[in-house]
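Enquirer: Dropping a structure here in structure tokens format, bear with me for questions.
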Amino acid sequence: MSADAGVAANSNSFSFPAEKMRMLIIKHPEWWAWFLSLFAWVLIVGNLFTNAHQTGHLSMITYCTPRGIVKVLGHSPFELHAVWKEEPVSSRILTTIRTGLLPWMIMVVAMMFPLLNEPIKHVAFSVKRKDMDLGIGGFLIGYIITWTAVGVMFLLLSFFLNLIIGDLSHFASALITASGFLLAAVFIWHPGRPIKMTKCGQTAPIRIQGWHLFLDSLFYGVKMGFNCFNTCWVPMAALVLAHHNIPLMFIVTAVIIHDRYLLPHTSKFTGYAWMVVAATLFIIGIL
């Protein structure tokens with residue numbers, strides 16, 4: 001065999017895996033969402049251990065007041081320093097949103113993006129191959145816009161709950177924490193739930209040129225964000241009540257991914273999973 005033939009053979013042997021990988025990426029455009037989800041989890045876990053090093057306490061996503069007082073219970077100020085309580089309510093609301101919104105968005109990327117396989121494929125295969133990234137990017141931006149609005153609502157909810165309820169006994173706190181997942185179980189068992197779940201696979205027409213493509217993808221992302229909120233708001237609200245501790249976030253993510261991809265819409269299994277989570281949180285809370 002000539003030298004040129006040998007070089008060509010080696011070139012083909014290297015190009016074949018690369019071409020195979022390229023086709024795999026094109027066939028499975030949802031890798032975008034899974035990669036971003038993994039990156040978000042890296043940020044969350046990295047932040048966890050950074051806070052543990054700084055505070056000597058392994059806990060949840062850091063909440064920092066304007067005075068730099070580190071709070072390690074989550075996005076919302078369930079335990080507040082006396083100085084923080086002296087601030088005007090309007091100032092505390094703005095600070096709650098300002099400091100809590102970015103962690104919330106990172107959490108949404110980590111937990112909710114893996115649920116977007118079908119919508120992302122719909123966008124990717126509705127446009128020209130060269131425009132796939134633009135369409136998927138617009139869709140994910142629209143999806144985040146919806147969940148950002150939800151995040152503001154949940155942050156305000158947790159703030160006013162703390163303002164109204166104040167300090168609670170261990171029993172009452174455990175009962176409130178568990179109640180969110182009890183409600184999630186009831187939601188799973190509701191007869192209308194299968195109909196809501198079908199909306200997770202809804203499609204929309206995507207134009208294939210220029211800004212029309214981007215805007216259609218963006219609005220489709222907003223719509224799918226609302227559909228996901230409509231089916232997942234209860235466990236996400238339950239996480240707010242549970243202060244978003246990271247092990248619980250992992251568990252909730254695993255349960256909702258399993259529910260989305262491995263169970264029929266009529267299955268009641270996930271409801272029992274939420275019952276187990278609620279019972280576990282209640283027992284831990286009263287110990």
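Cβ from N, Cα, C; glycine included.
Feature list, courtesy of TrEMBL:
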TRANSMEM  31-50  transmembrane segment
TRANSMEM  93-116  transmembrane segment
TRANSMEM  137-165  transmembrane segment
TRANSMEM  171-189  transmembrane segment
TRANSMEM  233-257  transmembrane segment
TRANSMEM  269-286  transmembrane segment
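Explain the structural surroundings of these features, please.
Expert: Panel annotation: around the transmembrane segment (171-189), residues 234-235, 237-242, 268, 270-272, 274-275, 277-279, 281-286 of the same chain, lying at least six beyond its termini, place a Cβ under 8 Å from a Cβ of the stretch.
Within the chain carrying the transmembrane segment (269-286), a Cβ under 8 angstroms from the stretch's Cβ atoms is held by residues 170-171, 173-175, 177-182, 184-186, 188-189, 235, 242, 248, 251-252, 255-256, 258-259, 263, all 6 or more beyond its ends.
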